[in-house]
Amino acid sequence: MADVATPPARTPSGSRAGGPDLRRRLRVLLGRHPIGTIFALPYMVFVALIFAYPLVFACYIAFHDYFFTAPGVEVERPFVGLANFIDVLTDPQVLESFRNTAVFLVINVPLTAVAALVLASALNAGIRWAAAFRVAFYVPYLTASVSLVGVWMLLFSSGGLVNSVLGPLAPDPSWLVNSALAMPSIALYVTWKQLGFYILLYLAALQNIPSELHESAATDGASALQRFRHVTIPGVRNATTLVLILAIITGANLFTEPYLLTNGGGPDGASLTPVLLIYQKGIQQQNPDTAAAMGMILVIIVGLLSLTANRLTREK
Amino acid sequence: MKFTKTAALVGAATLMLAACSGGGEDSGGDGGGAATGTGPIEIWLSNNEAEIAWGEAVVEAWNAENPDQEVTAQEIPAGSSSEEAITAAITAGTAPCLVYNIATAAVSGWVQQGGLVDLSTFDDGASYIEERGGDSTAAYQSDGGYYQLPWKSNPVMVMYNKDLFEQAGLDPENPEMSTHADFLDGARQIVDSGVESAIWPSPTNEFYQPWFDFYPLYLAETGGTQLVEDGAATFDNEAGAAVADFWSTIYTEGLAPREAATDDAMVSGTTAMQLAGPWAIASYGDSVDVGFMPVPTTGGSEDVVTFADSKNVSLFTACENQATAWEFLKFSTSADSDGQLLEATGQMPMRTDLAGTYPDYFEANPMYAAFADQTERVADVPSIPNSVEAWQVFRESYSSAVIFGNTTIEEFLSGSAEEITGLVG
């Protein structure tokens with residue numbers, strides 16, 4: 001086959017402009033529509049500055065004997081390999097914080113998914129006062145944790161409203177100072193606070209299920225429960241994956257609630273979380289290297305859990 | 001492909017940023033000439049209204065006399081604690097010249113960071129500090145230098161509600177609760193009279209909470225032995241056990257709740273006692289009829305030592321005009337300025353013969369005289385490496401054994417002492 005000469009590239013005005021190689025390179029770098037890349041550039045810089053750089057830097061810190069210094073102060077920060085990771089993984093307190101988080105996730109994640117789907121289905125079915133319920137579910141999500149925590153403490157303190165109602169059935173020690181009940185109490189609080197957001201996600205997914213599916217199932221004699229099981233649940237599968245992953249990530253990053261509700265992870269460490277420990281070690285105790293190692297381990301665990309949730313809920 | 005391209009762009013930007021940040025280490029810091037530099041300086045004050053008023057008045061007086069070395073004052077930026085805001089400022093190189101709210105426990109970390117100036121490096125540095133504060137100032141040295149000027153103390157005493165004491169059948173003018181046993185008897189009497197709690201120290205997990213429950217009583221019991229001395233923990237002994245047993249009894253018998261108060265328990269009357277400094281007089285003066293007594297000991301000593309709860313002043317290496325900062329530091333801690341501080345805040349300047357220096361004030365304010373007397377017998381937290389970590393270890397172990405009773409007092413004393421010795425040694 002004879003070679004065919006390729007005509008030189010032309011700019012819109014018809015002049016030659018750097019040749020095909022440069023255009024190809026620019027296209028590889030900026031895509032077919034450079035204007036899109038230009039629009040995306042500020043966000044990419046933001047991501048690089050706020051997420052990627054700290055992540056890379058944290059990785060560096062985790063493998064070094066590192067502490068923060070004033071600018072201009074030169075100190076040795078030798079590479080220590082996995083020493084920080086070994087310190088973290090052999091620290092009983094760290095292991096306890098991961099166990100506490102596991103308790104939290106076991107309660108919070110399924111409860112969030114089930115409650116949000118059931119409530120969203122009820123709202124989607126057009127119950128009376130749907131708008132009022134929607135607002136009621138969403139308001140806690142919008143309200144600052146600090147103020148809600150104050151209300152929760154008044155409710156669940158030993159002399160609080162809940163114990164007054166329960167009377168002799170009230171737990172002793174009370175909810176937030178009871179080693180067995182502190183973490184479940186926090187899990188319930190977070191479920192309640194976040195529920196509005198997840199209900200919204202499910203509502204959007206429910207509205208994408210064609211009504212014909214429900215109608216034909218009903219025509220075939222399926223009960224409401226059967227329609228929920230065989231039409232609704234498969235129809236919101238993607239939303240369920242998202243809800244599970246977001247709930248896992250939020251739960252693994254738990255900080256504000258134990259910090260405020262149980263005063264820094266009490267009682268006796270029963271609600272201590274990895275992020276609380278990272279704060280203590282990295283900020284208060286000025287040991288950013290072990291804090292960074294702990295952060296890396298947390299990221300890996302959250303990644304694995306999210307991947308598992310994704311696999312379990314993926315459409316076969 | 002799209003992902004690869006985006007990742008490549010983000011990666012390139014990250015590396016660029018990392019490269020840029022690498023150069024930061026050569027800038028700022030204790031640059032040449034800073035120690036002799038004069039000119040405008042910035043200072044930070046604590047978020048206490050009375051203290052801010054005092055600080056602004058002192059700054060105004062200085063600026064009137066030194067227009068070419070103007071001082072600007074502001075509150076410590078918001079943060080969950082002053083220490084965190086200051087640590088961040090040191091790291092970023094944005095620390096002011098002086099901070100008037102330095103907790104001794106944080107100093108060792110900041111010295112390690114290279115954030116503080118050794119005040120002994122000024123010609124009259126050590127002599128000024130020692131003449132003003134006397135022999136006790138030696139306890140505030142780190143690595144043989146003065147990285148903080150001992151400024152003011154808030155000696156911790158037992159504050160009590162006289163009305164609730166009277167209601168419980170205790171003599172509000174002389175409760176006679178100086179021994180552990182008498183104190184516990186009085187506390188039981190108070191709870192039996194219907195008050196929710198006899199005393200309510202915060203049972204929370206923060207590293208500084210021992211300063212307001214265990215530590216004052218430990219200092220009193222030992223005559224001022226600090227938590228760590230000569231590189232080893234000191235509390236795994238009879239004195240430590242006596243204090244731990246005292247507090248354990250308080251919690252076990254329900255004389256203090258195991259959860260934090262949701263409001264101000266003194267004002268709401270849900271507790272009859274708190275451990276507090278002289279700041280409490282102004283805070284509660286209008287709402288509660290308060291009295292003060294020294295913290296108890298097993299034997300009921302007359303002149304007990306207690307926790308100083310001092311707040312000090314440090315000069316930061318980020319300061320470009322350190323000579324001005326040093327002169328202003330002396331100006332703001334002079335006898336005149338200290339007198340104004342006492343008038344404005346009721347907090348005790350750490351200088352020798354406090355009562356003799358300000359006799360008129362203490363005559364007019366007799367309730368503060370007890371604190372002035374107590375300032376003669378105070379001790380602070382030790383200046384040790386890994387100080388915050390050591391106190392956190394102590395607190396967690398204490399909470400487990402004393403507050404929640406999940407471990408034994410012996411395990412708490414020996415276990416935390418061993419761990420703390422390992423941290424500071």
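Cβ atoms here come from the backbone N, Cα and C positions, even for glycine.
Non-local neighbours of the transmembrane segment (A:35-63) in the same chain are 79-82, 84-85, 288-289, 292-293, 295-296; each lies 6+ residues outside the stretch with a CB under 8 Å from one of its CB atoms. If you look up TrEMBL, you'll see A:35-63 (among others) marked as transmembrane segment.
Summarising the annotation, TrEMBL assigns domain 'ABC transmembrane type-1' to A:98-309.
The transmembrane segment annotation in TrEMBL covers A:102-123 (among others).
The transmembrane segment annotation in TrEMBL covers A:135-155 (among others). Taking Cβ pairs closer than 8 Å, the transmembrane segment (A:135-155) reaches residues 119, 161-162, 176, 189, 192-197, 199-200, 256-257, 260-261 in its own chain, all 6 or more past its ends.
Under the heading transmembrane segment, TrEMBL lists A:175-192 (among others).
According to TrEMBL, the feature transmembrane segment maps to A:235-255 (among others).
If you look up TrEMBL, you'll see A:291-309 (among others) marked as transmembrane segment. Among residues of the same chain six or more beyond the transmembrane segment (A:291-309), those with a C-beta under 8 A of the stretch's C-beta atoms are 58-59, 61-62, 66, 84-85, 87-89, 94, 98, 105, 241, 244-245, 248-249, 252, 274-275, 277-279, 281-283.
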Cβ contacts under 8 Å made by the transmembrane segment (A:175-192) with residues that lie 6+ beyond its boundaries: 100, 103-104, 107-108, 111-112, 115, 140, 148-149, 152-153, 156-158, 162-163, 250-251, 254, 257-258, 261-262, 266-268, 270-271
